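Working notes, structure below.
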Amino acid sequence: MHDDFERCYRAIQSKDARFDGWFVVAVLTTGVYCRPSCPVRPPFARNVRFLPTAAAAQGEGFRACKRCRPDASPGSPEWNVRSDVVARAMRLIADGTVDRDGVSGLAAQLGYTIRQLERLLQAVVGAGPLALARAQRMQTARVLIETTNLPFGDVAFAAGFSSIRQFNDTVRLACDGTPTALRARAAARFESATASAGTVSLRLPVRAPFAFEGVFGHLAATAVPGCEEVRDGAYRRTLRLPWGNGIVSLTPAPDHVRCLLVLDDFRDLMTATARCRRLLDLDADPEAIVEALGADPDLRAVVGKAPGQRIPRTVDEAEFAVRAVLAQQVSTKAASTHAGRLVAAYGRPVHDRHGALTHTFPSIEQLAEIDPGHLAVPKARQRTINALVASLADKSLVLDAGCDWQRARGQLLALPGVGPWTAEVIAMRGLGDPDAFPASDLGLRLAAKKLGLPAQRRALTVHSARWRPWRSYATQHLWTTLEHPVNQWPPQEKIA
């Protein structure tokens with residue numbers, strides 16, 4: 001989009017917040033870059049350039065605007081709707097792959113050489129993987145500087161910088177100030193720094209409209225005991241992260257989500273934040289979805305009633321795949337009970353000072369040691385879970401932020417006991433494919449019949465072609481028409 005100068009300039013003239021995250025505005029006369037909705041007077045057209053990412057702007061020597069804080073914008077929805085290698089790379093970088101495995105590890109996951117990957121990213125997003133990871137480190141550092149009392153040395157290493165000097169230089173170049181000045185400026189803007197060790201409070205930005213009742217209701221109704229709960233108006237869950245465990249509390253509002261993270265290790269902050277955004281589908285483009293689905297007369301009323309539906313997703317793709325298999329042909333409550341047994345038997349214990357969470361969801365390595373006695377499911381279902389876990393453990397099946405959606409579908413369908421419903425639900429909620437469509441889902445077919453749409457799988461699939469590439473969101477809208485606990489927020493009964 002940044003290549004369309006006229007459209008971008010109209011967006012900054014109208015200060016249209018819908019475009020925040022799609023591109024940044026580099027101002028040649030001041031050397032700063034802004035988000036499209038920056039409240040200052042728009043610069044003359046001759047004095048601006050439009051760049052695809054904050055990393056591209058920083059790479060060309062521009063500093064972040066202190067007024068609009070463009071590095072804190074919602075992420076670009078472009079990377080969530082595309083399945084090409086650049087989009088997959090961007091999702092993996094957001095998950096912290098470069099900091100954990102280096103550029104070589106990122107390239108290997110994608111099946112490209114380092115040089116090929118550098119060339120692709122530079123051409124499309126204006127920055128290579130190292131520059132993109134550096135911009136993320138800067139954002140992590142800024143959050144820790146502004147919302148905690150951590151010493152700056154601890155901030156530097158938690159954010160992924162290799163030295164204090166590199167940290168100070170990056171802050172000065174990106175923000176035109178020192179860490180001390182950033183913390184001082186933040187004191188008037190933010191709540192006082194959290195007193196609890198390992199705790200950080202964030203405000204996750206959201207593109208409006210945001211129909212949070214659907215996504216939070218779904219997460220609440222399917223909560224796994226010991227791993228997830230609803231308490232004091234917040235959805236809470238445990239996190240299994242690269243450097244340790246975490247607990248997150250997420251409280252919705254119309255234009256943001258309040259996120260309280262308790263982490264064993266602050267090096268996990270960037271990854272935890274990215275996974276929370278992914279869980280709630282916060283980087284979706286609701287305007288584009290509403291425009292496309294609302295064009296169908298059969299869906300117009302449903303979409304208009306609650307525009308801005310998000311897909312209830314996951315913090316761990318492999319976890320969701322296991323839970324999807326456990327949910328085959330059973331009630332929502334039974335699926336949660338089965339998963340709760342696994343959590344209690346194989347999950348890592350956590351200490352929850354503010355609630356009743358007890359364990360993380362087990363890792364694939366832990367599930368590889370599974371005792372069938374912990375699963376009160378048919379033997380055929382046990383075989384499916386064992387085959388799924390074995391494939392994930394030996395890496396013949398890869399389910400992560402950067403996997404190829406179509407290839408993953410094919411690999412899932414090759415497993416015994418995995419049919420189209422399971423594969424599509426995993427693609428939709430586990431992998432984030434915006435065009436997944438579980439046509440055989442009973443709830444989806446009941447909702448379709450209620451609206452006068454075809455209720456048979458094949459006929460409904462044919463009809464759904466008009467909703468592409470947003471069939472996952474059409475599914476979510478249809479589900480919301482049913483009387484079911486997944487559509488209740490706050491839940492009518494305690495979830496713990």
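One is the number of the first residue shown, and numbering goes on along the chain from there.
In case you wondered, yes, glycine gets a Cβ from its N, Cα and C as well.
Pulled from Swiss-Prot:
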{"type": "DNA_BIND", "residues": "104-125", "note": "DNA-binding region"}
{"type": "ACT_SITE", "residues": "C34", "note": "active site, nucleophile"}
{"type": "ACT_SITE", "residues": "D441", "note": "active site, proton acceptor"}
{"type": "BINDING", "residues": "T30, R41, R63", "note": "DNA binding site"}
{"type": "BINDING", "residues": "C34, C38, C65, C68", "note": "Zn(2+) binding site"}
{"type": "DOMAIN", "residues": "87-185", "note": "domain 'HTH araC/xylS-type'"}
{"type": "REGION", "residues": "1-185", "note": "region 'Methylphosphotriester-DNA--protein-cysteine methyltransferase'"}
{"type": "REGION", "residues": "202-354", "note": "region 'DNA-3-methyladenine glycosylase'"}
{"type": "SITE", "residues": "W421", "note": "site 'Determinant for substrate specificity and/or DNA glycosylase activity'"}
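On the structure: features taken from Swiss-Prot.
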residue	record	DSSP class
T30	DNA binding site	coil
C38	Zn(2+) binding site	coil
R63	DNA binding site	strand
C68	Zn(2+) binding site	coil
W421	site 'Determinant for substrate specificity and/or DNA glycosylase activity'	helix
D441	active site, proton acceptor	coil
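Per-residue confidence over the region 'DNA-3-methyladenine glycosylase' (202-354) averages 95 (mean pLDDT, predicted model). Each residue of the DNA-binding region (104-125) gets a DSSP state, and the totals for helix, strand and coil are 19 helix, 0 strand, 3 coil. Annotated pair C38 (Zn(2+) binding site) and T30 (DNA binding site), C-alpha to C-alpha distance, rounded: 14 Å. For D441 (active site, proton acceptor) paired with W421 (site 'Determinant for substrate specificity and/or DNA glycosylase activity'), the C-alpha to C-alpha distance reads 7 Å.
Between R41 (DNA binding site) and the residue listed as 'active site, nucleophile', the C-alpha separation comes to 11 Å. Taking every protein chain shown into account, C34, C38, C65 are the recorded positions, and of these the Cβ with the most other Cβ atoms within 10 Å belongs to C34.
Each residue in the domain 'HTH araC/xylS-type' (87-185) gets a DSSP state, and the totals come to 79 helix, 0 strand, 20 coil. Neighbours of the Zn(2+) site: apart from C34, C38, C65, C68, residues of the same chain with C-beta atoms within 8 angstroms of the site's C-beta centroid are V25, V32, Y33, R35, S37, P39, V40, R67, R69, P70. Counting every protein chain shown, 19 other Cβ atoms lie within 10 Å of the Cβ of W421 (site 'Determinant for substrate specificity and/or DNA glycosylase activity'). Using Cα positions, the member of the recorded positions C65, C68, W421 nearest to T30 (DNA binding site) is identified as C65. Looking only at the binding-site residues R41, R63, the densest Cβ neighbourhood within 10 Å occurs at R63.
Shown are the recorded positions T30, C68, D441; of these, the residue with the fewest other Cβ atoms within 10 Å is T30. For the pair formed by W421 (site 'Determinant for substrate specificity and/or DNA glycosylase activity') and C34 (active site, nucleophile), distance between Cα atoms is given as 44 Å, rounded to the nearest Å. When the record's DNA-binding residues T30, R41, R63 are compared pairwise by CA position, the greatest distance found is 18 Å. The two recorded residues, R63 (DNA binding site) and the residue listed as 'active site, nucleophile', have Cα atoms 9 Å apart.
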